[in-house]
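> Take this structure first; my questions come after.
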Amino acid sequence: MQPTNSEKFTEKVWEAIYRTQEMYKQAQQQQIETEHLMKALLEQDGLAISIFNKLAVPVDRVRDRTDDFIRRQPKVSGSGTSVYWGRRADALLXRAEEYRKQFEDSFISIEHLLLGYAQDSRFGKALLSEFRYPDEAKLRNAIEQVRGNQKVTDQTPENKYESLEKYGRDLTQYAREGKLDPVIGRDDEIRRTIQILSRRTKNNPVLIGEPGVGKTAIAEGLAQRILSGDVPQSLKDRKLIALDMGALIAGAKYRGEFEERLKAVLKEVTDSRGNIILFIDEIHTVVGAGATQGAMDAGNLLKPMLARGELRCIGATTLDEYRKYIEKDAALERRFQQVFVDQPSVEDTISILRGLKERYEVHHGVKISDSALVAAATLSTRYISDRFLPSKAIDLVDEAAAKLKMEITSKPEELDEVDRKVLQLEMERLSLQKENDAGSRDRLERLERELADFKEDQSKLNAQWQAEKSVITDLQKLKEEIDRVNLEIQQAERDYDLNRAAELKYGKLNELNRKVEETESQLSQIQKSGATLLREEVLESDIAEIISKWTGIPVSKLVESEMQKLLQLDDVLHQRVIGQDEAVTAVSDAIQRSRAGLSDPNRPTASFIFLGPTGVGKTELAKALAAFLFDTEEAMVRIDMSEYMEKHSVSRLIGAPPGYVGYEEGGQLTEAVRRRPYSVILFDEIEKAHPDVFNVMLQILDDGRVTDSQGRTVDFKNTIIIMTSNIGSQYIFEYGGDDDRYEEILSRVMEAMLSNFRPEFLNRIDEIIIFHSLQKAQLREIVKIQTHRLESRLARKMSLKLSDAALDFLAEGFDPVYGARPLKRAIQRELETTIAKEILRSNFTEGDTIFVDVGETERLEFKRLPSEVLTTQ
């Protein structure tokens, strides 16, 4: 039978036949024979390999023997153009045709060819007898295991064979191999799932909950219970297989191919007569999956089986996606019974983390302290509001352990510093060896001695690092071995091989535990010596550090240097904001309370209204605070309330409502705080905003949160809210620093506030702070601050010095009505302009010191000071 018509063969067989035409030419042989066809079949990642695997025949060795057989055949020279099929290859195809008829298939497939090899006296029998190949009955049995009850009705039958192996993951097998993490708690949800699965019809639970609460973990917990036999009789010895919708859709090129694959999966499940339970994670993906014009989607293919109880299916999806996809399809929704999976409490999360602790310790090769687990649960609840427990707490522990593992395997900082110093000294030595003068030789001798000392330190530190790393690595290997032995013990107990279980439990496991104790004592001795380079335990501070990296919130415990810094906050703010003692003290007290952990965790860190005339330092104090907390003024979120004068502009703060332009972009305020939850928010000139804006402010000030247009809760609990206003500034201006009239002025200002803002808004503010109008005595300090800023802008390494007379001259720019802002204009006009012109004329150059004084003409004079004058001053 010459293969001339591709329509008789499946695609894979025709590909193999086509490939043999190249093979026999490459091998320089006379004709195509059965060995060439076998090699072509083994090159495919297809059915031949699956059948050999079922028979426990090593595929690599079959491939090697086939290559050897081809090499031993006689070669011919010359380049013939015709393709010749050998007599035995022709006979093989004829036998395959007979098997096709026996199987009642429409096309010759790979399994028909393999059956034909059992009767090939030249190559097939010689090859298969070497591997003690079973008789034809066993070969047929292996083929039936792979094919199931499928018939070859099209040219791509392989898509339907072993569909569940291709498109699914056996969770019960994963549990048997110890690849699933232990599931702690969730007993009610697992029991409810089992209850629904035990129904006669519509026995399909769907797990609904927020992302990260543990929906998939419930399915894994059920797989572990099935394995341990802790389920009702109706679920004993069942298989739980997770369907991979991505794999099912991927590569389905032709119309109807996806439906064929899914039908093959469903046929395998129904043919198992209830032995297989299907788990579809992200079940909303079946709605519309694979649907093209006029084709059915996966959801519609599932519906009949789900309703009749032929298919037991567990689904999992989030609340939003369930509402968006499943609820719209009422026929699909009624076939599923809902199981709500709530977020676990902090206490339950700590229990879950304790259950997972050993797995993460073995994986990362580090120890995890219990305080770190408690910190992960409590700190993630407080500071990471847009994610859910236990996922966010587990991620924290995982990342902290990974960070510590990275530090263990990387070179320690002390050793790295010594290595760099040795490299630097060696480079200096090479340079000095080229010099011949006496001074260089003396320096070389001293350098040699210094280098010898550093090299000695280097070798000691290196030896210590390697010793510590070796002990920690040994400990990890021992723990991995204990994990593997525990898995073997569980397997032996399930198989009732009690002798093996006892041998492992009381022999090998005890020996490994003893070695672990010895290694741990060895490590603790190294650590007690105080000279340790590596740390191998994840602590609470590591968790706090990861949270700080995720959110930008300084969660870590206060170290000595930061305590000192916070105590000096009052002084730091006073250096920038002159003459506003009450305001500075109130703000610094709020920050100190927050960082010491005493502020109310359910409200913003602090909220202030700064009242006062223009130019007295209201905005400057907010900038100074942002610079202190974040080292940059740019970290302040500034909202100019003059932009929110219209009623509709409220939507710009929290995002446009659905259907409006900009809905996807979110709000200016909410997005800024979501990206940076620890920030100073300045609402500048709040009296200019529309009254409706303050409705949004109420919940921010009271509960420390607001819901944006997308339905996300944005957390303001770690923000400092500062609002500035000019209301009542005329009364403050009248006050003029007279302490006797302060109470009277305060009551008049509050009356003005009540006439502009509602009481419920003012009642939520922590403190309303009045900024006094500036006095002439404070102006010289402000001028100094402004000239220091000018000096920092002189990017040409120039210095600026002003005489007392020059400072007083610039202070004349003060106007009590406009505050300190006219000073800026005076400095710009009198100082900056002249210096700029002198630089352009090259009168001042890099390294100069510019001295400014008042001349006889009552104008500022600029001089360049020589360096000797500077040294005598």
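Cβ from N, Cα, C; glycine included.
For reference, Swiss-Prot lists these features for the protein:
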BINDING   GLY209, GLU210, PRO211, GLY212, VAL213, GLY214, LYS215, THR216  ATP 1 binding site
BINDING   GLY612, PRO613, THR614, GLY615, VAL616, GLY617, LYS618, THR619  ATP 2 binding site
COILED    394-528  coiled coil
DOMAIN    6-149  domain 'Clp R'
REGION    9-73  region 'Repeat 1'
REGION    85-149  region 'Repeat 2'
REGION    162-343  region 'NBD1'
REGION    344-552  region 'Linker'
REGION    562-773  region 'NBD2'
REGION    774-873  region 'C-terminal'
> For the ATP 1 site (GLY209, GLU210, PRO211, GLY212, VAL213, GLY214, LYS215, THR216), what does the 8 A shell look like? I mean other same-chain residues with CB within 8 A of the CB centroid.
ALA217, THR318, VAL341, GLN343, PHE388, SER391
> Grab the pLDDT values for the region 'Linker' (344-552) and give me their mean, rounded.
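Value for the region 'Linker' (344-552), mean pLDDT as a whole number: 80.
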> Select the closest residue to THR619 (ATP 2 binding site) from the following binding-site residues, measuring between CA atoms: GLY209, GLU210, LYS215.
GLU210
> Among the binding-site residues listed here (GLU210, GLY214, THR216), which has the Cα closest to the Cα of VAL616 (ATP 2 binding site)?
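Of all the candidates listed, GLU210 is nearest in space.
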> Give me the Cα-Cα distance between THR614 (ATP 2 binding site) and GLY209 (ATP 1 binding site), rounded to a whole Å.
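Cα-Cα distance, THR614 (ATP 2 binding site) to GLY209 (ATP 1 binding site): 52 Å.
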> At 10 angstroms around each C-beta, which of the binding-site residues LYS215, LYS618 has the fewest other C-beta atoms nearby?
LYS215
> Quick one: pull the CA-CA distance for GLY615 (ATP 2 binding site) versus PRO211 (ATP 1 binding site), whole Å only.
49
> Rounded to an integer, what is the Cα-Cα distance in Å between GLY612 (ATP 2 binding site) and GLU210 (ATP 1 binding site)?
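So the Cα of GLU210 (ATP 1 binding site) lies 47 Å away from that of GLY612 (ATP 2 binding site).
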> List nothing but the one residue from PRO211, PRO613, GLY617 whose Cβ has the fewest other Cβ atoms within 10 Å; the candidates are the binding-site residues.
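Per-residue Cβ counts within 10 Å for the binding-site residues PRO211, PRO613, GLY617 bottom out at PRO211.
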> Rounded to a whole angstrom, what is the C-alpha distance between GLY214 (ATP 1 binding site) and PRO613 (ATP 2 binding site)?
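Rounded to a whole number, the Cα-Cα distance is 56 Å.
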> Out of PRO613, GLY617, LYS618, the binding-site residues in the record, which is closest to THR216 (ATP 1 binding site) when you go by Cα distance?
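For THR216 (ATP 1 binding site), the closest Cα among PRO613, GLY617, LYS618 is found at LYS618.
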> Given the binding-site residues PRO613, GLY617, LYS618, find the one whose Cα is closest in space to the Cα of GLY212 (ATP 1 binding site).
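Given the candidates PRO613, GLY617, LYS618, the nearest one is LYS618.
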> Helix, strand, coil: count each for the residues of the region 'Repeat 1' (9-73), based on DSSP.
48 helix, 2 strand, 15 coil
